[in-house]
Amino acid sequence: MPLRYATRKKKAKPEEKKKKSNKRSKPDPEEEPPAEKDETSVPNGSYVAVGTRQLQVYLLKIEVDQKKAADVVSDDEADREEENEKETTEENDRPEEVVYSLKPVLNWTAAQHAVSTVYFSPSGLYLVAGSTDGSVKVWNAFHHHLTHNLYNTFTAVIQTVYMDNTESYLVVGSMEGHVAVFDFVNKNLIATCRSHVQAVEAVVMNDARTHFFSIGRDRRLSILAFSHKDKTLQEARAVVVKEYVSAATFEDPQTLHLGSLDGIVATYGVSETETVQLRYRLAKPPASDATDNDEEFLVRSIAVRNKPKGIRHKVDDFLVDDNKAPNTLFVAYSGYNIGIVTPKSDAKAVYTTVSTLVGYLDQVLDAEVFPAESPYEYAIVTNSKDVRLYNTSGGCLSSQALQGHEDIVLTCAVSPDGQYIATGGKDKSVRIWSCATWECIGIGAKGHSGDVTAVHFNAKQTDTYFLLFSVGIDENLRLWDAGEVANMNSANAEIEHRAGVNVAHSGPIFALAVAPNDQYVATGGKDKSVNLWNVTGKKLFREASLKGHRRGISSLSFSSADRVLASASNDGSIRLWSLVSLSCVKTLQEDRIPVLQLCFFNQGTQVVTGNAEGVLRVWAVATSECVWSGELHDEKVWSLRVMETEEKTVFLSGSADGVLIATEDYTQEEVTRIREERSDMILKEQQLANAIRKKEFSRAFMLALQLNHPRHLRQVIAQWSAKGTVECEKALKEEILVSLTPDQLTRLLQFTREWISNSRHSGIASLVVYCFLGTFHYSEISKLPYARDLVAPLLAYTQKHSQRQHSTLDMTYYLDYLTHTIAPEALTTSSPLLTVNEKRPREE
């Protein structure tokens, strides 16, 4: 996905504003008219063409953006930077970030059947599209019109296309072994022949234009004699190569690169008359097999550095990577990986894979973290026969792979010093690898009779005490003397287990953990129990069996600070076991979803878990509460490790969805931040109380606004206006409101909106609104965030309170009416109360 960068706009100077007027300038009579559109021109840049089964061809442009690694700032800060030349100079010195993105340019229907191959001409102007019906169409790629519509004498799928540097001949190869040569200028078929019985992978023409070289999946390198005058194309001779060809490309008429079904990559020197010579060869991977159904090592495509397919010597500045080594090849395998292959420096005619770009992890089954001093960061076990190692540079570039297992690897472990790696898999073997030579130095093939599910080194490694433990679905627990293997230092040495337990559980064993002091080894399996084993010397003795889970055990972990063992089960619970009383002391459970992985961290005070729905949770051991949870994965979390350093704590989780996620833990930082905020709030509340008591209303106003206390702020304004309304209004207009930030102004308006909705506080709200409207222009108010939502309620409630005040004023006029309508002489001093026999005298 292309990354977007926000840029900072500078205010235009008066001269620039005049130039940007809306009036169109008159054309200059001396100015030359624009040149007509040249349909033979090729725009600058790098382009990629993609053909699909939906008959479409997409033309994409590779865009390269170089942006400053700076944050987006406001216009005011930009103005200040314009005034400050020093800051501007420092900004220009910042490193640039290079961002590559694909921008769609054109797409169109290029054929009547599915597009099987696309090819750019050497000039880059023409795009050749081969179809599954045997037709070939040539398009003007950048001016979008059809230039050639070529038909073959065969109807086989077009497999490969080639055009010479002068763009005089167009050669196509089919899936059935046909090779056809077209006159590209006159748009007609010159000659055709069938020199192969399987698909043609690559074709090239020699410099003399007398011969063609073609290589097919039938392992035949055919040299074809060509005559344009006689319109003939005949096979002069053929050479059979050793490799089972699955992909091939010609770097030039004298150099052929090919890849095979079993992962072999070879480079040959070819000639019309001389014998074919092998120049370089990448050995067959140990676990590859030409008849293997998974085709993990099958080579899909080969590209040469600086010369992608369809790009010839005319475009020498197109770089695929930054590797400057000569003869560098990029080999795409069917396992969605791209290997970077170069000649080996200390050997002749030998290729070596320097690194691999991993495009798809498949299922992440296990992950192990290297110590901080190691050049590598972690080792990843996927649904593959290889274990890939990633260095500290990050990304998906794997610089090393452990190859040797004959079946899928299920688990791995890294020694405490980071010098050795142990692996186990479905081939029933345990292997120990040296990180110095990256070779297998020990193979334990007779220890298990089933899949090896977990391996683990002892925690306190020494020269004389270096052990490896392994468990499998055969119910066996094995102890291997890794120190003896390290001292032998021989490749692929057969080793036997030093000690073991044949029936450690009554079912497959899936979990294994070693105590930090090497005293105990814990195992757990499908029989719902956790077995504790005492390690004495180099022997295993049964200590206890811990029961309590209702389903199988999936993961185990020892605390680094306390004598506590944690177990995760498919019943959704995490149990903490005391190694002193050998009993369950705590149970952590959120739901009934199976918990597959767990690890202690933060000196044993917290536990992180991963369940079958891809949710990670962090538990506080002291309170038995879940303090954080995140839905990071879509599938089961098969792997979970913790990388702890003094600066940060990172959770490395991998799941069945093929995603490896590194999550940084901010729990301790969040607790520290909340504690600091609480202390700062208590201090400011005390300062607010002191300011109110000392009648320092301006300072009290700012403190109440910063603390986000609307009640205290209302009390400050009420006391301030009661002391002197004129002074309050003047201070608000001239000192306080103009010094507030946009966020503080928005917060003040939000408080005012709450106050004005209550008739008892409407007077204070009206005072704030009066000062606010008297301080800022309407154009400045409109720039505030959420200005419309804040001003509309204020106007509505202000109108409501104004109507209420006018209604009250109208009612006072009725009292004036009554007092003026009653005459003074009508008033009497007689008592208004009369008895029965008493009559009021009649006034004359």
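Note that Cβ sites are derived from N, Cα and C of the backbone, with glycine treated the same way.
Fair warning: this is a prediction, and the values are worked out from it, not measured in the lab.
These come from TrEMBL:
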- 1-12: compositional bias 'Basic residues' (COMPBIAS)
- 1-47: region 'Disordered' (REGION)
- 70-96: region 'Disordered' (REGION)
- 73-85: compositional bias 'Acidic residues' (COMPBIAS)
- 86-96: compositional bias 'Basic and acidic residues' (COMPBIAS)
- 108-140: repeat 'WD' (REPEAT)
- 402-434: repeat 'WD' (REPEAT)
- 445-481: repeat 'WD' (REPEAT)
- 502-543: repeat 'WD' (REPEAT)
- 546-587: repeat 'WD' (REPEAT)
- 588-629: repeat 'WD' (REPEAT)
- 685-821: domain 'U3 small nucleolar RNA-associated protein 13 C-terminal' (DOMAIN)
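Listed as Cβ neighbours of the repeat 'WD' (502-543) (distance under 8 Å, sequence separation of 6 or more from its ends, same chain) are residues 450, 453-460, 465, 467, 469-477, 479, 481, 549-558, 560, 565, 567-569, 577, 579, 582. Only residues 6 or more beyond the boundaries of the repeat 'WD' (402-434), in the same chain, are considered here, and those with a CB under 8 A from a CB of the stretch are 285-287, 365-366, 368-371, 373-374, 376, 379, 381, 383-389, 440-445, 447-457, 459-461, 466, 468, 470, 472, 478, 480, 482, 485-486, 489, 492, 495. Averaged across the repeat 'WD' (502-543), the predicted model reaches a pLDDT of 92. Summarised by DSSP class, the composition of the repeat 'WD' (588-629) is 0 helix, 26 strand, 16 coil.
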